[in-house]
Every structure is written in structure tokens, then in C-alpha cells.
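Peer 1: Below you will find the structure I want to go over with you.
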Amino acid sequence: MPPSPCSSKSNRLPDITESAGDTLVYDREIFNIGSSDFILIDEVSENEEKNLKTYCKQIADKTKSAFKRKNIPKRLPFLQWWPTYATGDCIGDLLAGITVGLTLIPQSMSFAALAGLPPQYGLYGSFVGSLMYVFLGTCKEVPMGPTAIVSLMTYNTLKGRGPVYGTLLCFLTGVIQLIMGMVGLGFLIDFISGPVNAGFTSAVAILIVISQVKDIFGIRAVGSTLLDIVISLFKDIGNFRVGDMLLGSVCIVVILLLRMLALIHMGPENDCERTKVQRIINRTMWLIGTLRNSIVIIVTTFIGFLYVNSSGHDVTSNEMPPIPFKVVGKIPSGLPDFGFPKFSVMRDNGTTVGFFEMVSDMGSGVIVLPIIALIENLSICKTFSLGKPVDATQELLAIGLCNIGNSFFHAFPSTGSFSRSAVNAASGVRTPMGGLYSGILVIVALLFCTPYFYYIPKSALAAVIIAAVIFMVEIRVVKPIYRSKKSDLIPGLGTFFACLLLHMEIGILIGVGLNLISILYHAARPKLSIRVNTTRNGINYLMMTPDRCLIFPSVDYVRNIIIKHSLKQNLPVVIDCSHIYGADFTAAKVIELLTIDFSRRGQLLFFYNLKPSLVTVFEGVRPKDFNIRLFYESQDIDQLLNKHMIVNSTPVD
């Protein structure tokens, strides 16, 4: 039973004033000091000793269990749903797969341009990963392929070095993700909080929009930060093309209008109450709105075809046609050749760039990009999991193997896409098999449609990207964060501005750093509950209760609070260790100094509810005058204080 607070008026604590960061309640004789946002609990058994042999045995057991027969369906998830796959599932997946495929083809070409690569490389990364995810993925809504965020990070990582570097980056991304999955490093994404993720996503969306302005105006611009891109745009703004600007602007407006069309519903809110005609009209409007990108690309391609033919331009030449807007140009037909990524490349001067030099050229993006791709994919899985747990390890293995497979077909990194996942879910996908039909549609496009891709206007592809990413700016989360916890805006806004003004990988690291600083601050400022209690014999004492573990960032703060109030009240002090489940060497040394300080003053200091494991830690430094008694009842405190008062002739207050 917890000790009761003193009810005598004479035993009330006097008024105490503290700094603004402390929370105090005077009239109830209890006040709280520090932060209560985090409570750190060590769940390891008290009597279990961890050593190297124990950890090695655990790793061996975990590895052995991974290859057990019962765990095979966990690593090959298609074995779980394939035995019950029915005709209705096949029809639903077919319709969803075709719908997603028609969205994927124009998007992948646009994202390739965003990554600074020829459009066909987006298509190369849109079929192998989709096919592999059918067997390895856990979320039926995820369609693998290029995405806006990963494409922009690819552009910043490659720095214009071309497809060979892009393929190597794809391979390394897959290898890193695969290794992370094998050793269980999926927990790393927990260090990227919601506000940091929102700030990063919003900054990337703005960067993508600004980077695509060059194709809307038909000018040239380069740069990896907002300032670089804006300066580059202004330098070439005098060469803008009216045709590109008009066509691109019209495409953006049309795409947004068609997007609104997909949200319109005729008839009652409940679908069951609508007539057959209303359901057909609603379905048609939804389908038109969903396929808005494909519709715009098809129409503008036809316009480009008419313009090029009317100009008499020879499409077999490498020169661009003399028309008012820029077009994509020649795209190689057929599937890409299968081959390993190149681990070295020849320079124009005949020298060879080795593997390590290539990796060094790409910089920190090689490490950051796989993590960002994982975050994007897991966010989709959590969104569509309906509260069910997400197997982060399996998703790491899945997208890692998908990227490795993509690299053998000269693709750049890919992951799951939010926009296409929404289309997939709305189209009624039943299983991951929908990715099979999307991948087949991309293969068909590569085999038979590439001659027509020549006429696609670049401004139309830019319009597809801009219309897709403007909704990624997460303004809507600012108010909930502000209402919930204002301090969370600091890492969110810090990440947002850092990603805009600096390189993205530096920006995300700054956001993670701000989060860690916040966590460390709260760990270093635990909450202390301080009461004046009275024994049955009328002896007053201070009961101080820390709310978490004593570790090196917080122990000096706790010690100062204990000394401050023990000197002010001049009462015996009992530290309630009920919530302290862990301590370290630094804490033990500080406790030693604390006990010596109390001993010199002749003031009593006791530890209540101290775990045996903590006794071992504290006794490891052999502190003097360490009054250890493992008692768990308030009556024991009364007896101990009475005994010491008699022995030491301590006057009663």
C-alpha cells in the first residue's frame, strides 16, 4: 500500500517556487518536477543475466527458426492466399491491375524524367518489381514502381551521372534493404516521427513542383536545393516557350478537373439506395477521373503526332521537331536486356571508375534512399492494414529483392506508391496478384507502344507530376499537431526548411536529430513526485518518487532536486524506487555521492521498493553508508524510521 499523505495542518509543505519548467501542486502537499512525457521501462527479467553467450544463442535460435517449415509461408506470403484464390478474386485483380497499369505507364515515364533519366528507364522499373511483389509482398494494395519522392532522391544522388549509376544505385538500395530485413533493422524507421515525415514529404513535394516548372516553361534548370533550382530557373527564364507553357497549364487544369470528377457522386449517399443508372454514371465518372493521367497523355500524344507530321520532321533523326512544344523523342522499343549492374565505368578520357569511387560519387544518398523508400512503402501498408500488424521485416525483404531484380533490367530504385495504392484499393483489388496484370501491361507497352511515345509532350509529363504531388504538401497536419503537442512542430518545421534549403538527406538527418534531442531532453528531465508523509508515531519524512530509470543524462538532475528539497525541509528522505527498473554505472556513482552527502549531514536516506537488480548495480561501486532495506509495505517504513530515530536520537518534528 502506498503511504498516506500527512493530514495534519502542521505537516504541510510551505510554499515553494520553482522554474517555469517545473509543475507544482502546493495545496495537496504534492508537486511534480520535470517532464512526464516518457517513462522508460526495462522489461528484462531481474534475475536473468545477459552475456555474450546468451545473445549468440538467441541469434542462432532466431536464424534456425526462420528456416523452419512453418515459417516458409511467412516469407513467401503468396502461399497464404493462393490456395483459396477464386475466379472472383481473379476478375477483381484483373480490373484493378489494368487500371493501375494505365496509371503506372505515364507516371513511370514522368518520374524517370524527374530522376534525370530517359523515360524508358521508368518503364524498366515498373514490371519486374510488380511481378516479384506478387510472391513476396504482404499488402495487396501496394503496386511497386517509381515514385515522386524516390525519383527526386535518385536525381539528387546521381547528380546527372546517367543510367549506369542509376542501375547501381537500384542494386545497392535493394542490397541494403535486404540486409536490413535479414538482421531485423526495420526498427530504424521508428526514429522518424510523424511530424518529421510530414515535413520531409511536404518539402519534397514543393521541390518536385519547382523542379518541373522548367518543363512547363520549356527551359533548362538544375539544382538539388530550392535556392539552386530557383536561381537556375531565373537564369534561363528568357528562353521560355509559349507552346510548352500553354499546353502544360491546360494539362494541369484538366487533370485537376478530372480528379474532382472522380469524387462526384450522383444520388443518395448509400450506394445500395442508388438506381442502376446512377451507379453506372458514378462508376464511369470515377473511372474517367482515375485514368486522368492516361487520358491526358493519350490526347496530348495525338496532338504531338499531328504537329510533328504537319512539320514534315523525320522522326528517325536525333533532332527535335520544329513544333511549339518539346516532345520526348526516340525511345528504344522492346524489353531491356538482362544483365548485372556495372560495378565500374569508363570515362571519356579512357580511365576507369571503380566500384568504391562510384559509390563515393553518389554520397550519402546510397544510405538514406533505401530508408526513405522503406518508410514510404510501410506507410502504405499501415494505411491499408485496417489496424492489423505490419510485418516490417518481410516488407524490407520484399522491396529489397524487388529492387535487386529491377537492377538486372537497368531500372532505378522503386517502392510502393501512395497514389497508385489508392487507385488499386478503389478498383477493388483482392490480392497482390493485381501487380501481375500491371506488370504485364507495362511489358506490352514496351513491346508495342514505344514508337508512339516519341510524340508525348514533355510539358504533359511535367503536368502529370505536378498534379500528383501538390496534394503531398501536408498542411492539414499542422493544426492537429499544434493542438496535440506544440513542441512537435519544431522537428516537423525544422525538417521542412532543412530539406528545402539543404540537401534532402541532410534535412531528414536534421529532423531525426531534433527528435532525438527531444527524447534525450525528456529522458534527462524525469518527473519527481514529492510528498510529506507522517508515520504513526508522528515522524515526518519526504517521500520522493522518480517516474523512470536512473541513467546518466537524468541522474544529476534527480540528485540536485533531492538535495535541494531535503535541505529545505530537513526531514528524513525516502526514495520510492517503484518505477525505477534500470540504472547504470553513472547513476550508481551519483547515488554513492548522495549517500555520502546525507551521511555527513546526519540526515537519513532510505530506498523503498528497490529492485534486487538495482541493488547489485548500486553496490557495484561499494558506496558508504548505503541504507539498503528491501521492504514493500508502508508499515516497514514506519518501523525503520522509528528505529533510526531512537538509535540516532533524531528529534521528532
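Any Cβ shown, glycine's included, is placed from N, Cα and C.
TrEMBL entries are annotated by machine, without manual review.
Copied straight from TrEMBL:
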DOMAIN    92-489  domain 'SLC26A/SulP transporter'
TRANSMEM  94-115  transmembrane segment
TRANSMEM  121-143  transmembrane segment
TRANSMEM  164-185  transmembrane segment
TRANSMEM  191-210  transmembrane segment
TRANSMEM  217-234  transmembrane segment
TRANSMEM  246-264  transmembrane segment
TRANSMEM  285-308  transmembrane segment
TRANSMEM  353-375  transmembrane segment
TRANSMEM  436-454  transmembrane segment
TRANSMEM  460-478  transmembrane segment
TRANSMEM  490-521  transmembrane segment
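What's the neighbourhood like for these features in this structure?
Peer 2: Confidence annotation: the domain 'SLC26A/SulP transporter' (92-489) carries a mean pLDDT of 90 in the model.
Through the fold, the transmembrane segment (121-143) approaches residues 76-78, 100, 104-105, 107-113, 115, 163, 166, 170, 336, 377, 380-381, 384-385, 390-391, 394-395, 397-399, 401-403, 405-406, 408-414, 416-417, 420-421, 424-425, 429-436, 438-440, 442-443, 445-446 of its own chain, all at least 6 residues removed from its boundaries and within a Cβ separation under 8 Å.
With a threshold of 8 Å between CB atoms, the same-chain residues lying at least 6 positions outside the transmembrane segment (164-185) that come near it are 115, 117, 121, 125, 154, 157-158, 341-343, 345, 358-359, 361-362, 365-367, 369-370, 373-374, 393-397, 399-407, 410-414.
For the transmembrane segment (191-210), same-chain residues at least 6 beyond its ends with a Cβ under 8 Å from one of its own Cβ atoms are 114, 148-149, 152, 225-226, 229-230, 233, 371-372, 375, 379, 465-466, 469-470, 472-475, 477, 481, 488-489, 491-500, 504, 507-508, 511-512, 514-516.
Sequence-distant contacts of the transmembrane segment (217-234) (same chain, at least 6 residues past either end, Cβ-Cβ under 8 Å): 155-156, 159-160, 206-207, 210-211, 240-241, 243-245, 248, 325-326, 458-459, 500-504.
Beyond the ends of the transmembrane segment (246-264), by six or more residues, the same chain brings 215-217, 282, 285-286, 288-290, 292-293, 295-296, 300, 303, 324-325, 457, 459-460, 462-464, 466-467 to within a C-beta distance below 8 angstroms of the stretch.
Long-range neighbours of the transmembrane segment (353-375) within the same chain, counting only residues 6 or more positions beyond its ends whose Cβ lies under 8 Å from a Cβ of the stretch, are 147, 149-150, 153-154, 156-159, 161, 165, 168-169, 172-173, 176-177, 180, 186, 188-189, 192, 197, 200, 343-347, 395-396, 399-400, 403, 413-415, 504-506, 508-509.
With a cut-off of 8 Å between Cβ atoms, the residues of this chain six or more beyond the transmembrane segment (436-454) that come close are 93-94, 96-98, 100-102, 104-105, 108-109, 119-120, 123-124, 126-128, 130-131, 134, 143, 301, 305, 308, 315, 327-335.
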